[in-house]
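Trainee: The structure's right below; bear with me while I get my questions together.
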Amino acid sequence: ETPTTATSGGPAASAAQNQSAGPGCARSTTGYPQVDVKGAVVGFSQSEKEANPFRTAETASIRDEAAKRGAELLYTNAQSDLNKQISDIKSMIDRGAKLLIVAPLNSDGLQPAFDAAKAKQVPVITIDRKVTSKPCTDYLTFIGSDFVEQGKRAAQQMIKATGGTGKVAILLGASGNNVTVDRTKGFKDGIAGTPGLTVVAEQTGEFDRSKGQAVMEQLIQSNPDITAVYAENDEMGIGAVTALKAAGKQPGKDIKIVSVDGTRNAVQLIADGSYTAVVESNPRFGPLAFDTLEKFGKGDEIPQNIVISDDEYDSANAAQKLGNAY
Amino acid sequence: MTVSETSRQHGAVLPKATRTKVLQRQGAAVALVLMVAVSWLVFPRFGSLDNLRDLALQGSFLVVIAIGMTFVIITGGIDLSVGSLYALGGVLAAWGSQYGFLAALALPLVVCGLIGLINGLLIARTNMAPFIVTLASLLFARGLLLAITDEGANTYQIPADSAFVELGRGTVFGFGYPIFVAAVLAVLGGMVLNRTNFGQNVFATGGAEQSAVLLGVPVAKTKVLVYTMSGTLAGLAGALTAAYLQSGVTVIGVGLELDAIAVVVIGGTLLTGGMGTILGTVIGVGLIKVIQNVINQIGTLDSNYQSVVSGVFLLIVVVLQRILRR
Amino acid sequence: MTQETTQAATRTAASTTAARTRWLQDNGVYVAVAVLLLFNALFTANFLTLGNFTTQLVQAAPVLIVALGMALVIGTEGVDLSVGAVMALAAAVIPLYLGAGPLVAIVMALVVGVLAGAFNGFLVARVGIQPIVATLALLVGGRGLALVIADGQLVQLHDETFLELGTGDVAGIPISVLIAGLLALVVAGLTNRTTFGRQLVAIGGNRKAATLAGLPVNRVLIGVYAITGVLAAIAGVLATSRLAASDPADMGLLMELSAITAVVVGGTPLTGGKVRVLGTVFGVILMQLVRATLIKHNLPDSIAQMIQAAIIIAAVYVARERR
Amino acid sequence: MPTDPVIEVAGVTKTFAGVRALGDVDFTLQRGEIHALVGENGAGKSTLIKVLTGIHTPDAGSVTRNGHISTIYQEVNLVPLMSVSANLFLGREPRNRFGLIDRARRDADAAELLRGYGITADVSSPLGTLAVGEQQMVALARAVAADADVVIMDEPTSSLEPREVETLLGVVRKLHEAGIAIIYVSHRMDELYRICDTVTVLRDGVNVHSGPLEELPRIELVSLMLGRSVKEIEKHGTTAFGEGHQADTQPVLEARDLTSKPRIGGVGVSIRPGEVVGLAGLLGSGRTETAKAIIGALPLDRGTVLVAGKPVAHNVKASMRAGISMLAEDRKTEGIIPNLSVRENIVLAALPRLSRFGVTSRSRQDRIVDTFIKRLRIKVSSPEQKVAELSGGNQQKVLLARWLCTEPKILLLDEPTRGIDVGAKAEVQELIDELAGEGLAVLLISSELDELLDGADRLVVLRDGSVAGELEGDQLTREHVLAAIAAEVMDDSGDHAGSHQDSR
Ligand SMILES: Nc1ncnc2c1ncn2[C@@H]1O[C@H](COP(=O)(O)OP(=O)(O)OP(=O)(O)O)[C@@H](O)[C@H]1O
Ligand SMILES: Nc1ncnc2c1ncn2[C@@H]1O[C@H](COP(=O)(O)OP(=O)(O)OP(=O)(O)O)[C@@H](O)[C@H]1O
Ligand SMILES: O[C@@H]1[C@H](O)[C@H](O)CO[C@H]1O
Ligand SMILES: [Mg+2]
Ligand SMILES: [Mg+2]
């Protein structure tokens, strides 16, 4: 398969082995009508601006797959506004969407939108962020990464890279975001058994490169003994690299950097030797989402929780897997 | 004779003034009617009952906040804290809902009202600029929100069967309760503004503060009251939103203050104070929401163009108003 | 007799407290900076290092550059909410022209800044729209436009010469700090020593009177907003270079609030008619030190925001104009 | 003399940021009397009033009030954006049975009430659309309607035309008959002697005299106010103008057919160097508009302005370059820049000339500022003092200095002596004479007929925005002017003119 664009390149997310959990959900349980994906109007509600490569790749993946399967795609972007996302979803239902894919802005607050879909018997697949509503009732199923697991895997990478000793600074994601909460929890749990690794600072970089950079600049001054940085997304990690270089440090060498996402820029930095490791958060939900919709349409039972497999990049494989990064 | 000459002069000046006044007052309304009509014709789905219901519901939260903002702006002030107070109100309501309906409603009103009161006291008693005082409370309320949610990690859920949820989700003929709350508040607000002594004090304070003092208007008290009101209403809007979303979402309300200011100004209220109407504000909300809805109806518009369109639209409205006012 | 003497005594007492509050009002921001420096020297690890001071100055530089323009606009009794969006526009323009060389890219970014500012100025001066609303339109639309230009993407930059702006130094002083300092001097000279500067303050003090005194009110206003626009663009260029990427989605986000806060904390009243350039410089430094202190002490976001709020109120309370 | 005080003030002291506005003032107002409160600018009259009404708390001393006080403050203190009726009833609106404001009744009551003051404007329109005089009348009606025992009027007539002054004085008499006590502040001696029973003179915040007004000759009253001897004052007449001026034969300013609908239509004025031309007319007759049209601050439908025969582009900058300067009517809103120093206020308009390549020169400024402070005898502690801290008269002089700084050939003065005390007024009048003597062409607008008659060499009378007549030489009498202004006004103010003569 030859990728058409850079963002849609790389392997599609596939369901991780044995990780799809929960009792099944089928059309017979929901009583929803049968809809063929081919020729159907499918709505996709994106949550945030596409400045972050993760979002770009996510949207591209859905778009490409919809085109491939002959579905008509309606697309909205909530621009980080929860109320707008609710309206977006309702308006797509109104405009005739028979199937919905939603990348929720946050884990809570979409209930009214789900209720609207339920009332019109429109199945909803949520991707990327898991919501607190009821699967198979409020929405069909969740396809996405296990963010706690991502944090744990980042911790493993960190332990491996530091040999289990060091002072870690955490660049937190945006406050109030469940991705932040989960990736922090996973990481802290992951290093709990390694007393040599201590967290000396945790400050928010708001998932943003320049904020990550600014915070890192402060921390490296007040805590010059920092030996490792855990960034909850690549953008902040890249910002940290810039900050550390400016402070005369050698990121990737005297200061280890581990982050989550798998963007091309970060993986490139690993290959260049100034980054330690990246745990992937795979944004290519398109194929899996449409497979799931098709399966559901056929009447098959689908799992309520589809955890996708995330890759990992480190110095051993970065150069060779660079093409997979987004 | 001289008397009749004076009246002749006025006769020459007034009809034009009245004409402009009508255009000014109704200018926004005319624009709204036109836009609704055109949208109806161009986008068949626009006029669907579902869409109109959702439009009204989405507008209702902003109306509640903008009523408070209208009062504040008529006194010549500004309230930047409403976005944060809105989010805080939602969180408090969700947290309070575990203690019953009354707690869920009273807690946000009291706490946000209190912060509004402090805004008012600082502004009225210390001669500090409203812009900067309320900017500080914007930060403060956001910080408080994070503090009570464990840095945003906790999203309080409202039990789906609680009476409080009904406040946000209940409907009459499919129209949500918040619409009626907003409507009642708008009518009340208009009445208070135009038919009570407090309302007259609001106009006098913004129209000519020094004179108002000499006319015996309790200027300081009036200011304290309008900021308290604005805070309380922002808290109420937050509570309604929480009831609607069934949870105290922490990531909402960012930048909402600018929306509120924009709708008030679009509605013809003078930013310098002394003049304004609640009806205008409601129409302003209508205009903003219809524009957003239409952008969604177009569907294919690049999401980045959406803010460009909003900006251009805002510009056209204020420039037109300005020209009419001449 | 006795009554008179007591009165005289209270009068002198009153006038000394008046003098003291007056002094604090004028110098509060300097005192606050000194206090914060002292606090950090005592309680913050590794604070008194050259590297740390450099970091603070480097981070403050773009804010200062924007705040200088903001101080001028506020001096005319205006305000410019669009500075963050203008920074984003500047950032978006750079990768488009970087191929033609860094100088071309920078010039184009500055041209965009001037145009955006002049547009604001036109709306305020000629059309007569309230500054808040006039610039709100560009705040809303400008960033969107920047994203449209950049196709919504962050672009990694590799031009060494361009990146030098953000990382290089002259005699140990980072280039961006040097530029910010230079601009502060220029703006101080402009406000205090030129016709333009005095006219600007007069317009802010009493626009009607300034018009009747034959001052070129519209020209000055458009000029002031254009200067603010170009300063915001300069800040955008420097910040972009330092980030080594053009990121219109986040560049200068909420910058308008930071800049206004710094200006007001520095003792320039929002009511116009007065511009304090040195105060603005220290206002920016104060807010930078506050942020640094909160991060260095690893305070959670919640506490950090509440403390910032309290400090803003305290600083403005001291500097406020008495009735 | 029966004593039944409604207001008693004992030992009141009030200081503002170190400036003593009132020092140990005693003051008593008897029930039913009309009490004049006089003094130079900054003597403390308005401050005393604000202490009486409770707006200011005194630093020391006591204030006893035995009744309800209602006040008309010095500047019109109403809310221009609110309707006339809302202003009139602010704080005591008529309510309907639900406790809500009854707007229909409010408007009806307002219209009814104002008819008694000769105002027939639409009461539901914003107050700001009324002429200043009418606004002053609304303020008066508001104050009187509030069932008061005491009515305080702080310079109520300073922006009224003669006819309106008569209406106001009529109201004052009616109040007096109804047993209401009145405190009346004015710089206009005639009015005081016509209606007041007693007088209190403040000087530098101290009560220097209280007593019956009749017994106090006018000249002594002035001497008390100024703190100068009677002899010194006797040298001057009612105004400080000298005889006529030597004027050139060719006009330096010619304004033709100035039209700006609906305010002025076809006004023409010409002034020769060294000549003072007065602009007379009722309030709203278009005097200010004429001056603004000449300087280019008013959009014109038609008309040209020529300076020394050459047409001038219609904008303020071009006019100033051509040598026209205008002292605006409203010192506070159109004149001073309050935050700036006296120096900066003086050089403001001349700044480009005092700069090189846009960079200001401090030494040049200081030189010229010093000259004018000395020449106009401006009382300042230093040129760097904030102009807002000066008294009204001195602010006016600062503004005069601003215009003289631009080295004008033509000076338009709109109410140059309004609201300034007798001392300062005389100085300004002398200055006008002096300037004309030096060859300046002066256009003088004043609501005080005496000032125009004494100061001007020629009068242009406006009525309803057009020229109703020009008077020169022997025609410069009160009667002629009034006749030109409007026949009917002369009819009913003829005897007032007479009473003016009497009181002199
Ligand atoms: N709010 C204030 N703050 C500071 N100084 C004040 C204030 N009000 C009055 N003053 C000062 O107090 C003194 C008395 O002022 P006041 O207004 O009472 O004079 P006045 O007799 O009414 O003069 P005028 O005839 O010009 O109206 C003046 O020196 C004035 O500058
Ligand atoms: N376009 C207008 N609309 C409403 N009111 C106006 C307008 N133009 C002028 N006025 C009011 O009418 C008043 C009288 O007009 P004008 O200034 O021409 O009178 P004047 O003859 O100069 O009298 P004076 O200078 O004594 O006020 C002005 O003070 C102003 O308040
Ligand atoms: O997983 C994604 C990415 O990590 C992104 O950086 C932030 O949003 C999350 O949902
Ligand atoms: Mg006074
Ligand atoms: Mg006038």
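Glycine is treated like the rest: Cβ placed from N, Cα and C.
Remember, TrEMBL labels are computer predictions, not curated facts.
I grabbed these lines from TrEMBL:
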TRANSMEM  C:29-50  transmembrane segment
TRANSMEM  C:56-74  transmembrane segment
TRANSMEM  C:81-98  transmembrane segment
TRANSMEM  C:104-125  transmembrane segment
TRANSMEM  C:132-150  transmembrane segment
TRANSMEM  C:170-190  transmembrane segment
TRANSMEM  C:217-239  transmembrane segment
TRANSMEM  C:251-270  transmembrane segment
TRANSMEM  C:277-296  transmembrane segment
TRANSMEM  C:302-319  transmembrane segment
Trainee: Are the transmembrane segment (C:302-319) and the transmembrane segment (C:104-125) close enough to be called in contact, which here means at least 3 C-beta pairs under 8 A that are separated by 6 or more residues?
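Mentor: As far as Cβ distances go (cut-off 8 Å, pairs 6 or more apart), the transmembrane segment (C:302-319) and the transmembrane segment (C:104-125) do not touch.
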Trainee: Do the transmembrane segment (C:132-150) and the transmembrane segment (C:217-239) come close, with at least three CB pairs under 8 A (pairs 6 or more apart in sequence)?
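Mentor: By the criterion, they do not touch.
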Trainee: Hey, would you say the transmembrane segment (C:104-125) packs against the transmembrane segment (C:277-296), going by three or more CB pairs under 8 A that are 6+ residues apart?
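Mentor: The answer is no, given that the two segments have fewer than 3 Cβ pairs within the 8 Å cut-off.
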Trainee: Are there at least 3 C-beta pairs under 8 angstroms linking the transmembrane segment (C:56-74) and the transmembrane segment (C:217-239), leaving out pairs fewer than 6 apart in sequence?
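Mentor: Counting Cβ pairs under 8 Å (6 or more apart in sequence), the transmembrane segment (C:217-239) reaches the transmembrane segment (C:56-74), since there are 3 or more.
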Trainee: When only pairs 6 or more apart in sequence are counted, do the transmembrane segment (C:170-190) and the transmembrane segment (C:29-50) reach 3 or more Cβ pairs under 8 Å?
Mentor: no
